[in-house]
Amino acid sequence: MMAGSPALLLLLSLGLCEYASAYAMAVRFLNRSMKQPQEGQQLELECVNYNSDNGVFWIRLDKDENLHFIVYISKFSSTAFPGNKGASSQFEGSKQGSSYRLVNFTTQDEGIYFCTSNINQVLHFSSGQPAFFPAAPTTQSSQATKDNSQQGLDAGTSSKNTLNSSCEVFLWVRVAGTCLLLLTAITITIVLCQSINNNCKQKLPMNKKLQTALTLQS
């Protein structure tokens, strides 16, 4: 039974990370009228439909499809930023609707924002909220016509890229969860084997003493 435990844990780990419709988490602008952020303004985001008894992680996917950890907000409203810092000069986080605020939105903050939460030992992943500056306007009519047609193509490409990026992030989260549980299973197996070996070593001296006693009696 013990020998099959790692395999059982591995099978369980395959179903650990999943997107559950019961907790359809989503990220959106706190200001409902906002369509795109402007440079220098505050950007406020909130994570909705999450379990308030659990903490929330905020992450950002940049234009180059690199993931950036922003902040962890615990259920007690405490925050942990990169480097295990409790505060940041650029970011703020709070438990009020698990809102997250950027003090000063710049080009390096552009990307797609997500929130994640571990609910009932299942990692739930929100939908993404794109946050990009609006395209710079042009005064030439011919260039404007070309840009409009290009924007139409870019819009379809951007939507496809956003969906692909979201799927890639979710798959990486699944892989990370699986690897973590596999490492745990291996650790448990090693501990059990060491425990069995120690018990066998403790029994050997007792067996020798028993054999000696029987020899003397005979």
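Just so it is clear, glycine is given a Cβ too, placed from its N, Cα and C backbone atoms.
Where the annotation comes from TrEMBL, it is an automatic prediction and has not been curated.
Database features (TrEMBL):
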| type | residues | note |
| --- | --- | --- |
| COMPBIAS | 137-158 | compositional bias 'Polar residues' |
| DOMAIN | 6-126 | domain 'Ig-like' |
| REGION | 136-158 | region 'Disordered' |
| SIGNAL | 1-22 | signal peptide |
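For the domain 'Ig-like' (6-126), the model gives a mean pLDDT of 78.
Helix, strand and coil content of the domain 'Ig-like' (6-126), in residues and according to DSSP, is 18 helix, 47 strand, 56 coil.
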